[in-house]
Amino acid sequence: MAFSATIKHLLLVSALVYIIFATSKFGRALENPSLGAAGVVAYEYLPEAKADEGESDHNFPEDGVEGTNPDDIFNKAIECFNDEAVYKSCDEAQRLTQSGELHVPPEYTDQYCDGPCLIETHHLLECIDGIMKHFVFYNRATLKDIQETIDTGCSYGPKRGDFDVAEHIETDEAISNKMSSSVVLYTFVVIIIGWHVLLY
């Protein structure tokens, strides 16, 4: 009898620890709430931004680009698409677009993956990442989504030649939706088990 009570308590404690961990990831306040949205931009999206001279009372990082604002940084990231040092040899039809699309036909996969286009697309992603870490393309793709799509398209698996970024995003969203619904279901089951353990 004492053994079953110990198991019940262990189950209840583990359920409570899980619930605490699951809920503590969400809803964290900003480190400096007085900055509001500027704090989000300064700390998350523009980590190397620095205030202009005379604005020393703001809490921006001390190193970085002088006099930056979000519009200038976004425009500078967009300039990477037209930078002649980034794209030199890759045919314009196979280049990554500002909308986040890769138009690489399946029959061009070997030339894309083994040629200058792959290297130059990596240079483009590095250029954008060096300017704006959390860049989001017009189709909601992140730099990581583009990189994963390229890795999948150039792999030797069943998805070789599939450079459809939108499909990759939809697959990721479907997986995350399944994961979040399973977390909710698991939490609900744990709560019911916890109530059952407490009542009996």
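Cβ atoms are placed via backbone N, Cα and C, with glycine included.
The domain 'DUF7731' annotation in TrEMBL covers 71-169. Taken from TrEMBL, the feature signal peptide applies to 1-22. Among the features that TrEMBL reports, transmembrane segment is placed at 183-199.
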Practice problem: Quickly jot the same-chain residues contacting the transmembrane segment (183-199) by Cβ under 8 Å, restricted to those at least six beyond its ends, or write none. | Solution: 8-9, 11-12, 15-16, 18-19, 22
Quiz prompt | the domain 'DUF7731' (71-169), counted residue by residue under DSSP: helix, strand, coil | solution = 56 helix, 4 strand, 39 coil
